[in-house]
Structures are given as C-alpha cells and as structure tokens.
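Have a look at the structure below before the remarks.
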C-alpha cells in the first residue's frame, strides 16, 4: 500500500512539472520551417514572389525560403550569389509603391 501511495505521489509530481514545462514559450507548437537540403538550380527572379530567412536554432542550417508565384516554397543557400541577388531584387520590388 505504501509503494502504490508513493508511486501515485511521484506520478502527480511529474504531471505537475510537465504542465509547467509545456507552458514555456519554447514549448509552444510554433511552426519552424527548416531546410535540410538546398535547391541546386538557380530560380528565375521573375518567378519569385517573396522570401523568408531561416535562422532558428532548431534548424540545422541557415537558409532562405523563396515562395514562387505558383505558391511553391524552395530552400536556397544564403551564401550563394544568385540567392543574395534574388533577395535584393525582391526587396526593391516590394519597396516600390504601386500606383
């Protein structure tokens, strides 16, 4: 009887601490998109709609995710020149006010 009471006490303690851990900001189910491989071919700038940088410590590599006009997302290496040129192109394109 003492063993089951001690086991129940231990189980309740673990359950109480696990809810506190889950309530922490890092434990929130946030979607972090990670890139494990990079697109090997250069993407035409005219096909690109926007981009976002992946710098999360939860991801193995820093990356840039481009979104195409067809809605596809492609991972690219931010160190490659064509990726940097595409980022500059999209920054200028999105800054230009439309009439």
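Note: Cβ is positioned from N, Cα and C throughout, glycine not excepted.
Feature annotations, courtesy of Swiss-Prot:
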SIGNAL    1-23  signal peptide
MOD_RES   24  pyrrolidone carboxylic acid
DISULFID  34-59  disulfide bond
DISULFID  35-75  disulfide bond
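DSSP assigns residue 34 (disulfide bond) to coil in the three-state reduction, outside any helix or strand. Local packing around the Cβ, expressed as the count of other Cβ atoms within 10 angstroms, is greatest for 35 among the disulfide-bonded residues 34, 35, 59, 75. Secondary structure from DSSP puts residue 75 (disulfide bond) in a beta strand. Here residue 59 (disulfide bond) is positioned 13 angstrom away from residue 75 (disulfide bond), judged by their C-alpha atoms. According to DSSP, residue 59 (disulfide bond) sits in a coil region rather than a helix or strand.
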